[in-house]
Amino acid sequence: MATLKLPSTVPSPSEDCEQLRKAFAGWGTNEELIIKILAHRNGAQRKKIQETYSETYGEDLLKDLDSELSSDFQRAVLLWTLEPVERDAYLVNEATKKLTASNWVIMEVACTRSSHQLLCVRQAYHAKYKKSMEEDIAYHASGNSRKLLVPLVSAFRYEGDEVNMTLAKSEAKTLHQKICDKSYNDDELIRILTTRSKPQLNATFNHYNDLFGNTITKDLKADPEDEYLKLLRSTIKCLTVPEKYYEKVVRLAINKLGTDERALTRVVITRAEVDLQRIAEEYQRRNSVPLDRAIGVDTSGDYEKMLLALMGHGDAC
């Protein structure tokens, strides 16, 4: 995969702001200059650019970007420029709205962020929307999905490496029994998935495979079309092998009759500074095509240039 690296000497935030103002000046917007600056700055640098822009010009950079840009490129740039916890709060809020509802987005944020990050997202949500994230999700979701999602976003999992193997074996048996009974919404099953640390869950799922000869996700495919079971399987993948979960999201986004730009944008933007390199490797392994090439074929214009520029961030930022 082609890699675009951050410039060896990064201009000061003041210089970046001056260049961004130039990009907005005149009759047309200089989209290439916006990409050249923002797509090659890490989270801390982008935050400083926003602060400097406000101090220097008395205006909100996000509002200026919003008015200057349009379509999928606009959404990609705005999401990228937001601080990660504010971006997650925005995405979750959007996922609770009728027209943009998505249990999957809520589940992704709950399962792929660290405990501290998730706590910060909840705090950012409070500050921006004057409500708790949990109450909006509880109001938006229903039935089994609500029963799973609310404790998922409320979790503060242990982040260490310690694993209790006796517990893992015991809880693997509990999970198997619940699945055999088709008690997919059982309190014990949900308790295990929403409170145990990720290393503990990995050990539990490994024991499950060893004891019963199937992966837990395979045993949860009793009804492949059941939306709650799909969410349950995706939750397990997100908690244990997020790169495989995201590879599938990207593959489905690109392979559809007409690209699902929202899903593609979300994965590239939210994972660019986390594990996009691993997702790209998984994509190539699974599809025998480099991810940047697949994105290049399926997108165009400034939107394509922005996504491909972010493909270069990988894990290095």
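The count begins at 1 with the first shown residue.
Heads up, the Cβ atoms here are built off N, Cα and C, so glycines get one too.
Curation does not apply to TrEMBL; its annotations are automatic.
As given in TrEMBL:
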BINDING   PHE24, GLY26, GLY28, GLU68, ILE254, LYS256, GLY258, THR299, GLU304  Ca(2+) 1 binding site
BINDING   ASP298  Ca(2+) 3 binding site
Integer Å distance between the CA atoms belonging to the residue listed as 'Ca(2+) 3 binding site' and GLY258 (Ca(2+) 1 binding site): 9
Site of maximum Cβ density within 10 Å, from binding-site residues GLY28, GLY258: GLY28
Neighbour count (Cβ, 10 Å) for the residue listed as 'Ca(2+) 3 binding site': 18
C-alpha spacing of ASP298 (Ca(2+) 3 binding site) relative to GLU304 (Ca(2+) 1 binding site), in angstrom: 8
Closest of PHE24, GLY28, ILE254 to the residue listed as 'Ca(2+) 3 binding site', Cα positions, binding-site residues only: ILE254
Proximal but sequence-remote residues of the same chain as PHE24 (Ca(2+) 1 binding site) (Cβ under 8 Å, at least 6 apart): ASN30, ASP64, GLU68
